[in-house]
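Q: Handing you this structure, nothing more for now.
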Amino acid sequence: MQLENMHVVVCVTGGIAAYKSVIFIRELIKAKAEVRVVMTKTAATFVTPLTFKTISRNKVYYEDSEQQGIVDHVELAKWADITVVIPATANTIGKLANGIADNFTTTFLIAMDCRKFIIPAMNDKMYDNKAVQRNLKQLVIDGYQVLEPDTGFLAEGYDAKGRMPEPETVFNWISSFITDKQDLKGKKIVVTAGHTIETIDPVRYITNHSSGKMGFAVARNAVQRGADVILISGPTHLKNDTGAKLVTVKTTEQMYEAVKKSYVDADIVVMSAAVSDYHVIRPAKQKIKKTGSKLTIELEKNIDILKQLGQEKGMQKLVGFAAETQNLLENGQQKLLKKNLDLMVVNDVSRSDIGFGSDENQVIFMRPNKENINSPKTNKDEIAKMIFDLITEE
């Protein structure tokens, strides 16, 4: 089973839904995971530590200074493969989003560095509060997976959004992120996604149709296989459900600077973003008015990020994407060699069924001194799996 022998820390905070975490832990135990429980002081007023000790068959960590060692939170953080905060109250969410560690639970959560999941549960008014939503967005940026609450009967006596999903649903959701294949564990991977924009004036800009779906799929698969992933994305409407730390940029120059910061100690870099090749030399400070039948805009070439990374490459594995409309084999092979890549992924964006914005893709994988591999038409998550299967063969 996917969770068998995995070390799971369940952090229970002080909400009425705390009783559901008992059932959730039971599901983990049935899956043969090893579970340890951390509780806030308020959580212990809803469910006793003895209950969690009995069902988890392990020591329970809670707010009792006589129970905890000085560095228990550090040792527990080293032990954990997965951490689940269930239920997560607005109070704990706010503390985590702002780096506050004022009890054992938050101190552990700040110290740990593993796959992490947040299960919010609270009153609908609290959940919709701008500060709470802002904090949840920050946690997503910080690499947490956040499961949205259900709409259902709340403790206040009416139906609304804020109810914690059933424990079985939570278990299945978390399991979907865990694969038996952990061949990327301990690896640092940088992924770029989406498009960049280059300003013409305050209203207009140059860009392309890349949605970011392929890059997000790559980041998601890397996280599932145990990697520490930084996802650098241009503007997109996609929700970061990847588990990767998200860095947002707008321009090609900003993307280059963001990649450069993480490149030196990266193990694998996957450049799936479709960046703008040119930028406007002198963007207008005011909206350009229609004063004639023609308009000339002077452009200057942007840095070729992929080529630059190839020139600076040391031990990193470098993966590039080529979005082509013709001569796929010729153009892909030329870029593979010219940019010093370990893997080139070529796709035909002229096809509406696999082009920009589609959920599926069909690509040609190219590697130096090896035969090309043609993928079947499949979803982008499967393409992402193939990328890492090939790059880890080396």
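Heads up, the Cβ atoms here are built off N, Cα and C, so glycines get one too.
According to TrEMBL, the region 'Phosphopantothenoylcysteine decarboxylase' annotation covers 1-188. Annotation comment: TrEMBL describes 6-175 as domain 'Flavoprotein'. Sequence annotations record features per position, and here TrEMBL assigns domain 'DNA/pantothenate metabolism flavoprotein C-terminal' to 184-392. As annotated by TrEMBL, region 'Phosphopantothenate--cysteine ligase' applies to 189-394. The CTP binding site annotation in TrEMBL covers Asp277, Lys287, Phe321, Lys335, Lys339.
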Q: Here are the binding-site residues: Lys287, Lys335, Lys339. Which has the lowest count of other Cβ atoms within 10 Å?
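A: Ranked by other Cβ atoms within 10 Å, the binding-site residues Lys287, Lys335, Lys339 bottom out at Lys287.
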Q: Return the count of C-beta atoms lying within 10 angstroms of the C-beta of Phe321 (CTP binding site), excluding that atom itself.
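A: Counting Cβ neighbours of Phe321 (CTP binding site) within 10 Å gives 26.
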Q: Around Asp277 (CTP binding site), how many other C-beta atoms are within 10 angstroms of its C-beta?
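A: Within a 10 Å radius of the Cβ of Asp277 (CTP binding site) lie 15 other Cβ atoms.
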Q: According to DSSP, folded down to helix, strand and coil, what is Lys335 (CTP binding site)?
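A: Reduced to three states, the DSSP call for Lys335 (CTP binding site) is helix.
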